[in-house]
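**Student:** My structure is below; once you've seen it, I'll send some questions.
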Amino acid sequence: MKIAIMGFGTVGCGVEEILYKKRKSLIKNNFDIQIDKILIKNTDKQRFPHQKDLVFTDDFDEVLNSDVDTVIDVTSSLEETHERIVALMNAGKNIVTANKAVVSKYFEELNELAVKNDVYFSYEASVAGAIPVIHPIMEEIFFSDMNKIYGILNGTSNYILSKMETEGLSYDEVLKKAQDLGYAEADPTADVGGLDAMRKIRIVSSLIYNSKINEEDIFTFGISNVTKTDFEFAKNLGYSIRLLAKCALEANNINISVIPTFVADDFFAKTFEGTNAIKVWGENFNSYEFKGPGAGKLETADAIMRDLLRILAKREIKTFYDATNSFEVENNIKHKFYIRTTEVTDGLKNIIDREKTSGENHMIVTKKVSLDELTSAIEKFDQVFISEIEEEK
Ligand code: HSE
């Protein structure tokens, strides 16, 4: 079976490494997978693949016009990759992708194209790295309604927050380490700004509700201005801070957000370093949890390999997502929030439960309010950090 790979960065190298190292056992199990070609941007760059006779090309048409039936996409570009995936699907090629930006932005179109062209569209690697999340959810959907998913879906921000907690380091000191470990995106603002986690919760929430959830409707607040002061405040209340992605269906409204959250030590998603954690609530089982490496070279490549084997063994789940449901997005569930701000307006005063000041900073715990109410109270603020408080102690 011949495949092509688009991209040869961290994850692409991981896929090549696994295919090379496991070649004998794959062949023994009738998975004779050969890499026909690898699409790269710069043919002058020196590369060190395990398989020395690999063919590299910078000409997309060579992949499009090749006889491979499955293409693995491990690129990080958005529009160019989207166009290429569309062309490949229209040419009858299955797609296995780790590119969450493309999957999230074009989820409806790509699912529709997969059905139209009768090809597989596999994207397990786009959410939570090595942890099998998409396939268990896809199987569950047939017989059990799921109404809520919470979790840590970004390894980089979890690495930063947990190191700030355990080693008392500053934000800038740990961001560099997360990049060196291969967790962070080429442009880490997608990680620390919450965009990466937003894309992942958009994918899983659209899937479980079979409803299109627009990226721009998801409340997204990252960790780029978290400080040691916030950790100290949280610690005094018995909490630490993690970046959570959440969606919950209540009274026909979808509450959906990516937001820093004060979490206690026994909270299921209080994980460390790059570990992701996802909890799913469904009608047949109350809830279950997944935990594991959510980013990294071999970790993400592992999820790609599983998609590839499912396709080759013809036991991949065919796309069924068609967004036939329609729910309003409204963040109306009430919580307490922590706010650090240098300004306090009348709108904010109305929702304060208690407050501490230190220099120019006001550290506020709000009354129970909805995220929508909180947003309107702070929307004009420049310097602000917020956290939802998972449970009041
Ligand atoms: N940058 C991502 C993360 C990689 O940190 O989780 C995995 O999607």
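Just so it is clear, glycine is given a Cβ too, placed from its N, Cα and C backbone atoms.
What TrEMBL shows for this protein is this:
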- 7-124: domain 'Aspartate/homoserine dehydrogenase NAD-binding' (DOMAIN)
- G7, F8, G9, T10, V11, G12: NADP(+) binding site (BINDING)
- K100: NADPH binding site (BINDING)
- 132-309: domain 'Homoserine dehydrogenase catalytic' (DOMAIN)
- E185: L-homoserine binding site (BINDING)
- K200: active site, proton donor (ACT_SITE)
**Student:** For the residue listed as 'NADPH binding site' and the residue listed as 'active site, proton donor', determine the Cα separation and express it in whole Å.
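**Tutor:** Spelling it out, the Cα of the residue listed as 'NADPH binding site' and the Cα of the residue listed as 'active site, proton donor' are 7 Å apart.
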**Student:** Starting from the Cβ centroid of G7, F8, G9, T10, V11, G12, the recorded NADP(+) site, name every other residue in that chain with its Cβ within 8 Å, sequence order please.
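**Tutor:** The surrounding set, listed in chain order, is I5, C13, G14, V15, V74, T75.
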**Student:** According to DSSP, which kind of secondary structure is K100 (NADPH binding site) found in, if we only use helix, strand and coil?
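**Tutor:** It is helical.
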**Student:** Please check the recorded positions G7, T10, V11, G12, E185, K200 against ligand 1 and give me the ones with CB under 6 A, sequence order.
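**Tutor:** From G7, T10, V11, G12, E185, K200, counting a Cβ under 6 Å from ligand 1 as near, the near ones are E185.
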**Student:** Got a sec? Which of these binding-site residues, G9, G12, has the most Cβ atoms within 10 Å?
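**Tutor:** Going through G9, G12 one by one, the largest Cβ count within 10 Å is at G12.
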**Student:** In sequence order, which residues at least six apart in the same chain have a CB under 8 Å from the CB of the residue listed as 'active site, proton donor'?
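**Tutor:** Long-range Cβ contacts: K100, S104, S126, V127, A128, L153, N154, A245.
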**Student:** I need the CA-to-CA distance for F8 (NADP(+) binding site) versus E185 (L-homoserine binding site), whole Å please.
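**Tutor:** If we compare the Cα positions of F8 (NADP(+) binding site) and E185 (L-homoserine binding site), the gap is 14 Å.
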**Student:** With DSSP assignments reduced to helix, strand and coil, which class does T10 (NADP(+) binding site) get?
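**Tutor:** It is helical.
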**Student:** Report the mean pLDDT of the predicted model across the domain 'Aspartate/homoserine dehydrogenase NAD-binding' (7-124), rounded to a whole number.
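**Tutor:** The predicted confidence over the domain 'Aspartate/homoserine dehydrogenase NAD-binding' (7-124), as a mean pLDDT, is 97.
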**Student:** About how far apart, in whole Å, are the alpha carbons (Cα) of V11 (NADP(+) binding site) and the residue listed as 'L-homoserine binding site'?
**Tutor:** 11
**Student:** Can you give me the Cα-Cα distance between G9 (NADP(+) binding site) and E185 (L-homoserine binding site) in Å, rounded to a whole number?
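**Tutor:** Rounded to a whole number, the Cα-Cα distance is 11 Å.
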